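As written in Swiss-Prot, here are the features:
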| type | residues | note |
| --- | --- | --- |
| BINDING | Ala62, Gly63, Phe64, Asp65, Lys66, Thr86, Asn142, Asn175, Lys216, Thr244, Gly267, Gly296, Tyr317, Thr318 | FMN binding site |
| BINDING | Lys66, Asn111, Arg112, Met113, Gly114, Phe115, Asn175, Asn180, Asn245, Thr246 | substrate binding site |
| ACT_SITE | Ser178 | active site, nucleophile |
Amino acid sequence: MLWPALRSVLFQLDPERVHHLAHWALHRVPLAVARARRPAPIPALAVRCMGLDFDGPVGLAAGFDKGDVALPGLFGLGFSHVEIGTITPRPQPGNDRPRLFRLPEHRALLNRMGFNNEGMEACARRLAALPPAARLGPVGINVGKNKVTPNEDAAADYLACIERLHPYADYLVVNISSPNTPGLRQLQERDALDRLLRACVRHLAERAPGKPLLVKLAPDLSPEALDEAVDVAIAAGAAGIVATNTTLSRAGVERHPRAAEAGGLSGAPLERLATDVVRRCYARAAGRVPIVGVGGVMDAEGAYAKIRAGATLVQAYTGLIYGGPGFVGRVNAGLARLLERDEFSTLSDAIGADHRQGGGKAAG
Ligand SMILES: Cc1cc2nc3c(=O)[nH]c(=O)nc-3n(C[C@H](O)[C@H](O)[C@H](O)COP(=O)(O)O)c2cc1C
């Protein structure tokens, strides 16, 4: 009720200013308040995967908390897990402003932030200072390379971040799919991906055996390239696939005055594309690793579509911007209703349902 009015005020302001304002506020949420405000978990929505317990499927996608570590506040919004990052070894300012745009008519964002972050040291210090009780769910750390690092040396950047940050992460994500770091997406190609992931998996396994390392893919790969990336990731030992990052496509927003801005598009126009990528990843992975579905999850129906397409967990960023503080609570309540409608007793029963004959429960 209050949110639409507040949103129309906030949407008059520069998007990045509002982002900083939101962070400022989230940072000041005391743990006791976060706990009290956090919507009560719905038992049927609990998920266990990669050796971790999630009290619901909906997490915060990378990019909202780029190392500020506003954890109690973010968990207070109801997210089951929070993915921090992308973090690079050294601090970097990112691209020039303006670099974040709203497309309200399309419930979308367009960004070319370019991994602005204060670097792994600052992030590690903040995470180390965090009381364990502030972790109200699994915390992922998404890592990348600095803009000035050439792709030939990229592995060293990823390994440095894994080395410094793994003690604070419940899982790590190798991000090779941001469209805003020149050449980064080339690391998705077979040989480059194989080398990078094998190095990262080995490095992490030597330091923290069993800690999951995932890879985050772009929605703009051809179907064949996507299949290949999934195969390579699994063979290299990745524990899961995060699908997807933002898209370079402007399908559906072509006529918007911001459509010609460089950067990645997120939100409603990405939904179908990202869900199709989840569907393909799930079919290719054939149960060997879980899929984390991201891209245009704006409501319960969108989250449910990704779960039925094969996502074990979902994440959202743009949905939070448009949906406001009540976003996760509404998605979870809606998911519980959709499960009941389709006679699934738990969320796990609905994962990949679209792939099964009749779209029903998994056998056994
Ligand atoms: C402003 C902004 C910054 C982002 N920064 C990152 C990032 O640093 N690393 C990353 O892996 N994804 C980043 N993303 C991508 C999101 O994590 C997500 O994959 C994408 O926005 C699609 O989800 P959505 O439609 O729910 O926003 C960013 C997205 C936005 C809108």
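Note that Cβ sites are derived from N, Cα and C of the backbone, with glycine treated the same way.
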In the same chain, outside Lys66, Asn111, Arg112, Met113, Gly114, Phe115, Asn175, Asn180, Asn245, Thr246, whose C-beta lies within 8 angstroms of the Cβ mean position for the substrate site?
Gly63, Thr86, Gly94, Ser178, Pro179, Thr181, Gly263, Gly264
Reported as an integer number of Å, what is the Cα distance between Gly114 (substrate binding site) and Tyr317 (FMN binding site)?
16
If you compare CA-to-CA distances from Arg112 (substrate binding site) to each of the recorded positions Asn142, Ser178, Gly267, Tyr317, which comes out shortest?
Ser178
Cα-nearest neighbour of Asn175 (substrate binding site) within the listed binding-site residues, Ala62, Lys66, Lys216:
Lys216
Going through the binding-site residues Phe64, Arg112, Gly114 in sequence order, which have a CB under 6 Å from an atom of ligand 1?
none
Where the record names Ala62, Gly63, Phe64, Asp65, Lys66, Thr86, Asn142, Asn175, Lys216, Thr244, Gly267, Gly296, Tyr317, Thr318 as binding FMN, the maximum Cα to Cα distance in Å:
20
Counting across all protein chains shown, how many other Cβ atoms sit within 10 Å of the Cβ of Phe64 (FMN binding site)?
24
Report the member of Gly114, Gly267 (the binding-site residues) whose C-beta atom has the most other C-beta atoms within 10 angstroms.
Gly267
In Å, rounded, how far does the Cα of Tyr317 (FMN binding site) sit from the Cα of Asn245 (substrate binding site)?
11
Taking just the CA atoms, what is the gap between Asn245 (substrate binding site) and the residue listed as 'active site, nucleophile' in Å?
6
